[in-house]
Amino acid sequence: MSEGAPKVAIVMGSQSDWETMQNGAAVLEKLGVAHECRIVSAHRTPDRLVSFAKGAAAEGIQVIIAGAGGAAHLPGMVAAMTHLPVLGVPVQSKALKGMDSLLSIVQMPGGIPVGTLAIGAAGATNAALLAASILALSDPALSERLVAWRTAQTDSVAQRPV
Ligand SMILES: Nc1c(C(=O)O)ncn1[C@@H]1O[C@H](COP(=O)(O)O)[C@@H](O)[C@H]1O
């Protein structure tokens, strides 16, 4: 469904973040938003980070979702090197349950924004929905799919617990 050149890039600091970030990829897949997923780490692969962040706009990427845990510098460093919207997902860490990730991502200095989502799977899901909302501003067909997705979600909520 999501064919064509990727418009959203989902980047994550480690393979271990995929369990969380795949929730975002699944939403983009359902909505038919072309996307790509990459492992990029500010700490472990700094050169890969620079070439990704500096080249993303020229490659046709329109929104970047960046997920990382612990000392989560990835989203902020990506944002420092691109004007594209960057949505940050704090991945839940074992030691501090993701509070470290959240605080590392959310407290950006004025001038370099990262739109920070909730810790964990819900954050990854919502980052993908926000990315789709941004793209839908200039894509009426995607806008219709997004509204249909929201309607289906509403319809799936039972009136009473079973
Ligand atoms: N926070 C970052 C960055 C970064 O910010 O660039 N690179 C890796 N990491 C994080 O280290 C955690 C543990 O990684 P490992 O599981 O590979 O040891 C992951 O949640 C990853 O996002």
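Each residue, glycine too, has its Cβ placed from N, Cα and C.
Among the candidates Arg44, Arg48, the residue that TrEMBL names alongside Ser14, Asp17 for the substrate site is Arg44.
In the three-state DSSP assignment, the secondary structure recorded for Asp17 (substrate binding site) is helix. Within 10 Å of the C-beta of Arg44 (substrate binding site) there are 11 other C-beta atoms, taking all protein chains into account. On the 0 to 100 pLDDT scale, the domain 'PurE' (6-157) averages 98 in the predicted structure. The binding-site residues under consideration are Ser14, Asp17. Their Cβ neighbour counts within 10 Å are lowest for Ser14.
Of the residues the record lists as binding substrate, namely Ser14, Asp17, Arg44, the two whose Cα atoms sit farthest apart are 14 Å from each other.
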